[in-house]
């Protein structure tokens, strides 16, 4: 294993490694804090060990002990995004191979970036408050003092006290509940995670939640207002799990539940073990739902079981996960659909590279993250550049069955551990030892360490894309004589929009509304693409619709581009800023921070 150094963490990675966490939380909705106690079981990796450093951010530390004895502690200087190192001095010395239990009593801050506290009116039921966490990439340190790095993996046990009318869930197996002995108005939920995992996968949700069974090892959870719709939408979960197992090997996490969150959840999904978090924007007949769930299921192997050593190697998580997700689509639907998704991914990669700038080193597949905030570095590059590399290698090595054999073997070899790009590449050369001459011709530096688009563009089968391209061309060239609508064309129009490189004239966009009635479409993916076309064409009537969609949900994939499109329509720049400021408090803290940057708002 290469020596561990993580530019995004302060913790002592070469001196010690956390093996288990025991968490006790009291959820305080009035003060918006978690009152906590954590016991870390730490394995010592060097002789004469007497101090360690943990990651923390905006935590109040009350007391630290080691094996029951009081330990001295100090919070170091606060870094602008990494938080403050928590430096602990043990009252004794230990040798390599020994273990110590470090116990810390603490409280989170109301502004902890891992947590979003929702008022009752921000929920579907309007009666009870709601709490959810999002720790990836480096926010776990705002809810637990820990070695907040994907290079360290541990099991965990947790007890969570919440008001008795609410339900708590975590990224772990449910282990029963009991009345809180210290407060009859509260209940304690217990959880256990017996599979070692990195800190960024610790997750908690508390709300008025209900569940429905959707398979032999799966339930869907949400507020009761949408639980039945969610159960219907996620009915294929077990089929997807079985398909993923046939590709990647046994599912080791036991339970696979899905939680549908309130609209402010900033991502499409989050692969928290045993409990995938998903945005509610995938409901309402959105065909991207299957892609979101296939992606999060795939993370059970690439990401959760085999994990990037540091965030500089994030493409190992995401590129392989997109690859398996599209292999699931191939098995359940067709190879043509996998090809079509590849084409769409390439176009999204082009847009992502354009936004960052083709010379921006953050568009490298393996970027240098020294003094870089991982939230600001986040993009589709590791997903789609990573997938493009794997697809390119698949073509060189002999096709999907051959290359999926490598991916499965890679998962088996590195399971329960973390891995770097160098280790992945070394294993690729070992596995395909009879094809090393071909692998040596790959432009590795161009793929890994060069900004911009990849050195090779994959040649995808365009069969499914051709209909979209043709429809787009008809609209680009059309005189405004009527075009007859046909079945589900609004879906095609939304995809076709991606194939139109230039903004359409306003007259054409108005005609599209007349023909397809796109303003009334509920599907979030279609609506998002349509509103971008409208605002780019400077259709003023679309501006309030775009700002409404940007604020009534908080998925960054939709919210950031919609705000940016309105902001770039110079007549409405001020309106974009004003609307953002009015709704900032309801957005997730990471979403709010990034939209503020997009709109050039200081502070």
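In case you wondered, yes, glycine gets a Cβ from its N, Cα and C as well.
Residues or ranges marked as active site, proton acceptor by TrEMBL: 296. Positions annotated as active site, proton donor by TrEMBL: 383. Per TrEMBL, peptide binding site is recorded for 134, 135, 136, 266, 267, 268, 269, 270, 271, 555, 556, 557. The Zn(2+) binding site annotation in TrEMBL covers 295, 299, 318. As annotated by TrEMBL, domain 'Peptidase M1 leukotriene A4 hydrolase/aminopeptidase C-terminal' applies to 463-599.
A map of TrEMBL features onto the structure.
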{"residue": "134", "record": "peptide binding site", "Cβ contacts under 8 Å, 6 or more apart": "114, 116, 203, 265, 266, 267, 270, 277, 588, 590"}
{"residue": "136", "record": "peptide binding site", "Cβ contacts under 8 Å, 6 or more apart": "200, 201, 270"}
{"residue": "269", "record": "peptide binding site", "Cβ contacts under 8 Å, 6 or more apart": "276, 277, 278, 279, 282, 292, 293, 295, 296"}
{"residue": "271", "record": "peptide binding site", "Cβ contacts under 8 Å, 6 or more apart": "201, 296, 299, 300, 303, 304, 321"}
{"residue": "318", "record": "Zn(2+) binding site", "Cβ contacts under 8 Å, 6 or more apart": "303, 382, 383, 386"}
Measure from the Cβ of residue 296 (active site, proton acceptor) and count the other Cβ atoms within 10 Å, all protein chains considered.
25
Within the chain of residue 556 (peptide binding site), which residues six or more apart in sequence place their C-beta under 8 angstroms from its C-beta?
266, 267, 590, 591, 594
The domain 'Peptidase M1 leukotriene A4 hydrolase/aminopeptidase C-terminal' (463-599): DSSP-derived helix, strand, coil residue counts:
102 helix, 0 strand, 35 coil
For the domain 'Peptidase M1 leukotriene A4 hydrolase/aminopeptidase C-terminal' (463-599), mean pLDDT (0 to 100):
86
